[in-house]
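Structure first, commentary second.
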Amino acid sequence: MQKKYVVALDQGTTSSRAIVFDHDANIVSVSQREFTQLYPNPGWVEHDPMEIWASQSSVLVEVLARAGIHSDEVAAIGITNQRETTVIWEKATGKPIYNAIVWQCRRSSEICEQLKAQGLEEYVRENTGLLLDPYFSGTKIKWILDNVPNARAQAERGELLFGTIDTWLVWKLTEGKVHVTDPTNAARTMLFNIHSLTWDNKLLEALDIPLSLLPEVKPSCSVYGTTRIAGEGSEIQVAGMAGDQQAALFGQLCVEPGMAKNTYGTGCFLLMNTGTKAVRSNHGLLTTVAVGPKGEVNYALEGSVFMGGATIQWLRDELGLIRDASDTEYFASKVADTNGVYLVPAFVGLGAPYWDPNARGALFGLTRGANRNHIIRAALESIAYQSKDLLDAMTKDSGVSLKRLKVDGGAVANDFLMQFQADITDVEVLRPSVCETTALGAAFLAGLAVGFWESVIELEHKACIDKHFIPNIDAENRGRLYAGWQDAVARTRA
């Protein structure tokens, strides 16, 4: 039977999804299932790895059944995933020895402080491109080995395996035959040397993690093994894998140096491809691994904003200013400007490029004339201002002045926000027709790996832009508005 489709498994922080794409990169079918968030202690976040697998495997069955697609028609399955989340399981049984420790979990802060005391902060920064932070997988692994009974002894005997979620899914799909990750996920463990593209022995030693625990690192665009849907039907190749933000970068076809995308979700993630050069950031950004036009390793600068769409949720849930996120565009457009109002949404501190955990949210410039519309508009503008902060930091680090910014995520449906983003950055903003760019990136990698598509050039002909947003304010206005934002940020940090 002719291979007509590629399936992307998009395993996220709150839900597992499966999306079927046809040869023209159109979405044919989508299935999604949420799973349980576990908070056993303050600052701790866990998932049940078996529930993740159950949700992901069920949507895979469902998405094909819903569209009436037979496994014979599927060329490949690609994977994209929440990054950093850590699973350790028994090699012999496939049984997890503990819940998955989620990227948001802060329990390994003390381990990070111990590494800093050993003088490893600069080594981590130089060799992994990351900050020494509990966000990343390495200290989570150590916590499990130190705190789960018999775990360290089992690990020393080579009886345990570690994986981020991509690795766990491939292991389950291939029925325990394949233990593998890709460079984009390996680069988020804080154990991977991004220059030699190998596991870093010094960091493994510092954290007392046996090398036998770790998966083999294979290219993001390659075949890892085969699977059968629910154990039935024809074998399908499992091929193509990348962490969620790098998958979105590839899905937007940002495969050349200087190309960038911004994902507007709960927070914002801005990534710029820097080609074959790992650019060290002096402005609070991370250096990480991306995927090049032929599936090879490229590098990227990455910056994250904590409060993007979450700011709009705050307007709705805490202030009651709107009923639905989509209402913000209507109210923001009812006023010509914010009337001097700035909202700095530092509710959990400030992310890149400031990295100030002690900053707190504030509204500035309120007068008797300020109303709901001004505050809503200021909230939307804060998302664009924070993204400009990241973009300016990337320009300083890379020496590249961006001319076009590709965007994706839920908030890109807001035309007001996208136009203001173009205005305040003086950069053309491009919104794609298919905004499921994370899943699309996984599908592209899988399809290229098995020859379903021939090259990135072919994919470029399938990528359609829904709307171009052209900068529409002058330099003087732009400078005045941004100076007001910078002043507001400085005051939240005072």
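We count from 1, first residue shown onward.
Heads up, the Cβ atoms here are built off N, Cα and C, so glycines get one too.
Checking the candidates Gly225, Gly309, Gly369 against Swiss-Prot: the one annotated together with Thr13, Arg17, Thr266, Gly410, Asn414 at the ADP site is Gly309.
Tyr135 is the only one of Tyr39, Tyr123, Tyr135 that Swiss-Prot places in the glycerol site (with Arg83, Glu84, Asp244, Gln245).
Cα of Gln245 (glycerol binding site) to Cα of Arg17 (ADP binding site): a span of 16 Å.
On the backbone, the CA of Arg17 (ADP binding site) and the CA of Glu84 (sn-glycerol 3-phosphate binding site) stand 18 Å apart. Within 10 Å of the C-beta atom of Gly309 (ATP binding site) sit 18 other C-beta atoms, taking all shown protein chains into account.
The sparsest Cβ neighbourhood within 10 Å, among the listed binding-site residues (Thr13, Thr14, Gln245, Thr266, Asn414), is found at Thr14. On a Cα basis, Asn414 (ADP binding site) lies 11 Å away from Gly309 (ATP binding site). Note on proximity: of the binding-site residues Thr266, Gln313, Gly410, Asn414, the one nearest Arg83 (sn-glycerol 3-phosphate binding site) is Thr266, by Cα distance. Across the structure, Glu84 (sn-glycerol 3-phosphate binding site) and Ser15 (ATP binding site) place their CA atoms 16 angstrom apart.
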